[in-house]
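Asks: Encoded as structure tokens, here's the structure I'll be asking about.
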């Protein structure tokens, strides 16, 4: 079965190949025959287009010169002149009939240049000559003059003088009134800092708390005394006498302490604050408050933070000192 199928496929393939070859031969032969059939017409047209101009002139000459008629045919380039100024031929006519109008003989006339010669084909010239023989007195159709035949046009003469435009009165322009610049409003100066509050925080490590007993012992050793508003104050004298330099309060509201309940008390931290200006030297008072905060932090195992509750840095200390100087200068 497979052998028969293979044989059938081979036969069908061979037939298809032979059919393709025959179709290709037939198509090429058809194209070749059409090519040879169109070639003579193209060749004759090409020869007619490439024919020299001298041959056209000779054909026109043979048509114009005739022995049967004494007159010459009018030139194509001068129909207008022949129609306006007819000239009688110099040779007498053999017959008694009146002499037809004719222009000057073409033999004594200079042939027009190549640019003025009519671009007619040979066949058209022959037909035109035959019509002239049949009707010698009928004038040829008027031909439109070419650009080369027209006489040059002289340019128009420019006027000897130019007319001056009439003087128009200009409107009077009033000078603009110069506006005096108004003085700019004085810049609003910021209010001078007359007083400020310097704050330090002492907090436990990692969110822890500070016990009440150890906190009370450290605060008393730093020279604080329990006093007004239920908070501790540092006076100019460690014994608790004299003006208050700075104070210590609880970070948790209401910020007060109860000395009798310190054994059961705990807090995340305490806050120390100093009013500026204060009694005595403000710089020395701030230095004393910073030393007290560091001592309490060491006793309770905490850290010292600034007024934004960040770690105290040397740059922040310079900021505190600058605020102190500004307030002191403004109050001087």
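Every residue, even glycine, has its Cβ placed from backbone N, Cα and C.
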Asks: Tell me which of 7-27, 28-48 corresponds to the transmembrane segment entry in Swiss-Prot.
Replies: 7-27
Asks: Over the span of the topological domain 'Periplasmic' (1-6), count residues by DSSP class, listing helix, strand and coil in order.
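Replies: Per DSSP, the residues of the topological domain 'Periplasmic' (1-6) fall into 5 helix, 0 strand, 1 coil.
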